[in-house]
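Q: Handing you a structure now.
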Amino acid sequence: MNRARIRIAQVNPRLGDLAHNLDLHLAEIEAARADGIQVLVFPELSLTGYFLKDQTAELAMNLEAAELQRLIGESGDLSICVGFVERSSSGAIYNAAAWLERGEVKHVHRKVHLVSYGMFDEGRDFAAGTGYRSFDSIHGRFGILICEDLWHMTGAYTYLLDEVDGLIVTSASPARGVAAEGGARGLRSARTWDRLAGAFATLTQSWLVFANRVGFEDGVAFGGGSAVYGPGGDTIAQLDEAALLDPGRLDATLDGATLRRARVATPLRRDERPWVLASELAARDTDGRRIR
Amino acid sequence: MSALDVQVDLVEALLLRFLREELGAAGLSRAVIGLSGGVDSAVSAALAARALGPDAVLGVLMPYRSSNPDSVGDARLLAADLGIETREIEISEMADAYFGVAQVEDPTRRGNVMARCRMTILYDLSVEWRGLVIGTSNKTEMLLGYSTQFGDGAHAVNPLGDLYKHQVFQLARHLGVRASIVEKPPSADLFEGQTDEDDLGFSYAHADAVLYSMVDQRWNREELLAAGHAPQVVDAIARRVVRNQYKRLPPVIAKLSERTINQDFRYLRDWHA
């Protein structure tokens, strides 16, 4: 990959207010361009807000929608990853993230692992995406994972096989867990994300960009804490502790040389044995249960 | 250290943002809070004063004839500590007018009427003050249903609803609520010598421990008994939680059409379009 100056826009979208949120995106794009940023990443469902319920279908848009076309027009050499509700040509509705650059839609990822437990009900409102496709941006090869997509190994594993330079993880993760037991510091939810992100950066030997939103929807806070991880799993950029829960911008520089060195030192992709998984899957039904 | 201890600085950071943002979503930046002189309303008021600024918070003291004078005294001192404006409106005439007409003697009924008188005043003053009524109900009393529906249970936003009583006390100390409020036994203050713990038949510490395991940790009855909780307390608490579910939900609507409010017409309060 080339050297790329990347920014996470840790924003607070207003629930269901497309016009407000489009303005929010345009302001971030203008600021990013002024600051020499090359890749600008927004959180999950950044154009619409998260707990949409019956608004999901009302706000679903195809790629020709005016709001997306406006953002596509702004992209140029600035690559933009934006979250939105996608309506496909068949009418299915997806929790999606689009990668925009050079005036076109380079890639759309549809969230595969919808979350439908506890406080979440995505399976009711969204269709599930069916795959993880990496793509070659002008700034490097990336794979997008939307929130729960990082809680399953499938996506990250696929992107490992594709030798991506970076995992782009967008999220609208609620802040929860304030217990002090055992000397805990910070949100339990944030600590879990930090462990997951560090582990997957390590296992894929790639950059990992974690863009989470902030703000409240009916009393539920989103936990922010956006961060960038290096291929060794170390956090290379994060917001100050006092700024974790507030709107903010987090910048980092990604480059190919660091990846190359990390992959020489620890050649995990080279030593991966995809045929082991292939033969395991060949002995199982489509639900993963062994039949041979 | 208790398993229920929270990180008070983190809780404060979340609750200040919660108050600012949820009031803002309603297009408001001011708050009205009934001050009883107890720890819950003290913590709600202290949070609101920090989140919105003392000038934006109105504390309303609404004693009844039989209220303990110390309650009003503590509420006045709290308001002075926080630097917030107060109104004192005695509800005796208002409540007695009805008690006389309807011959209400039952203490539970009388307590509920008083709580609803206070609700009426708070909602009226919220118009004058151009503020939102801030709740003071904690998770323990909401789960136990130890509150008056449409009385103290009525409010627009509630910063304390996910904090057990132990955690409210912890937050009160963190926020510097004066000792006279933090140290006195919690009381609904409907008659002399009344305490919450006598009413409930178990201590807050016990209720918190059982509810935390039952609700937050999803323990079943066998696991609660194995942890040493008395079966009669566990069962009494579990019954209260189930029986009072109605207080925690909006009224039941008879479904007739293809799309019914709160069934298949689903939007958050923070809905924008």
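Backbone N, Cα and C define each Cβ position, glycine as well.
Per TrEMBL, the feature ATP binding site maps to B:G34, B:L35, B:S36, B:G37, B:G38, B:V39, B:D40, B:S41, B:T136, B:K165, B:S187. What TrEMBL lists as Mg(2+) binding site is B:D40, B:E141. The feature deamido-NAD(+) binding site is assigned by TrEMBL to B:R116. Look at TrEMBL and you will find B:16-251 tagged as domain 'NAD/GMP synthase'.
Relative to the rest of the structure, where do these features sit?
A: Counting every protein chain shown, the Cβ of B:S187 (ATP binding site) has 20 other Cβ atoms within 10 Å. Under the DSSP three-state reduction, B:S187 (ATP binding site) is assigned to coil, being neither helix nor strand.
Taking all protein chains in view, 23 other C-beta atoms sit within 10 angstroms of the C-beta of B:D40 (ATP binding site).
Of all the Cβ atoms in the protein chains shown, 20 others lie within 10 Å of the Cβ of B:R116 (deamido-NAD(+) binding site).
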Q: Report the nearest neighbour of B:R116 (deamido-NAD(+) binding site) in space among the binding-site residues B:G34, B:D40, B:T136, B:E141, B:S187, comparing Cα positions.
A: B:G34
Q: To the nearest whole angstrom, state the Cα distance for the pair B:E141 (Mg(2+) binding site) and B:D40 (ATP binding site).
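A: Checking the Cα atoms of B:E141 (Mg(2+) binding site) and B:D40 (ATP binding site) gives a distance of 11 Å.
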